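**Student:** First the structure, then my questions, so here it is.
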Amino acid sequence: MEQTFIMIKPDGVQRGLVGEIIGRFEKKGFTLKGLKLLTVDQAFAEKHYADLSAKPFFNGLVEYIISGPVVAMVWEGKNVVTTGRKIIGATNPAESPPGTIRGDFAIDIGRNVIHGSDAVESAKKEIGLWFPEGVANWSSSLHPWIYE
């Protein structure tokens, strides 16, 4: 079964959106496999966003991510990377329709509440970085009611 990495950014944590966001993934039928509330340092944030290091917004992004606690999660399910991105919405909240997390809760691209892996390969890399100890090995009893 496919896995993805989802991070609720400091603005999402500060605004009390953690439960709402988790609920959206649970209601879709995805299984939570890992969950951490933590504050990361600059080196860790730079490693996570290394692929964006040449972008002009990189330093501001790193400062934003280290400004407060984040919630790091691993979700599992069929097509969870692609579907998770649809649940989240476009990177720019102005381009995210109502009903998506960013469409409902974000206004500015620099405070867009949530990060989600953009591909299976990046999900594996991000899960390895954020959860080096691994994730919970369990299956929901609801799987037969969700999957064919």
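Each residue's number is its place along the chain shown, starting with 1.
Positions of Cβ are set from backbone N, Cα and C atoms, glycine also.
The model shown is predicted, which means the values in this text are computed figures rather than measured ones.
Heads up, here are the entries from Swiss-Prot:
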- K9, F57, R85, T91, R102, N112: ATP binding site (BINDING)
- H115: active site, pros-phosphohistidine intermediate (ACT_SITE)
**Student:** Where does H115 (active site, pros-phosphohistidine intermediate) sit by DSSP, helix, strand or coil?
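**Tutor:** The residue in question, H115 (active site, pros-phosphohistidine intermediate), is strand (DSSP, three-state).
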**Student:** By a simple count, how many Cβ atoms lie within 10 Å of the Cβ of F57 (ATP binding site), its own Cβ left out?
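**Tutor:** There are 12 such Cβ atoms around F57 (ATP binding site).
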**Student:** Measure from the CA atom of the residue listed as 'active site, pros-phosphohistidine intermediate' to the CA atom of R85 (ATP binding site) and give the result in Å, rounded to a whole number.
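**Tutor:** Here the two Cα atoms lie 9 Å apart.
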**Student:** Give me the non-local Cβ neighbours of K9 (ATP binding site): same chain, 6+ apart in sequence, Cβ-Cβ under 8 Å, ordered along the sequence.
**Tutor:** Y64, I65, V70, R111, N112, V113, I114, H115
**Student:** Considering each pair of residues in K9, F57, R85, T91, R102, N112, all listed as binding ATP, report the largest CA to CA distance in Å, no decimals.
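**Tutor:** Output for ATP binders K9, F57, R85, T91, R102, N112: max Cα distance 21 Å.
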**Student:** Sequence gap of 6 or more, C-beta under 8 Å: which same-chain residues meet both conditions with respect to R102 (ATP binding site)?
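**Tutor:** Looking at Cβ-Cβ distances below 8 Å from R102 (ATP binding site), excluding near sequence neighbours, one finds I88, G89, A90, T91, P93, S96, N112, V113, I114.
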**Student:** Validating a neighbour-count step here. Other CB atoms within 10 A of the CB of N112 (ATP binding site): how many?
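**Tutor:** The answer is 23.
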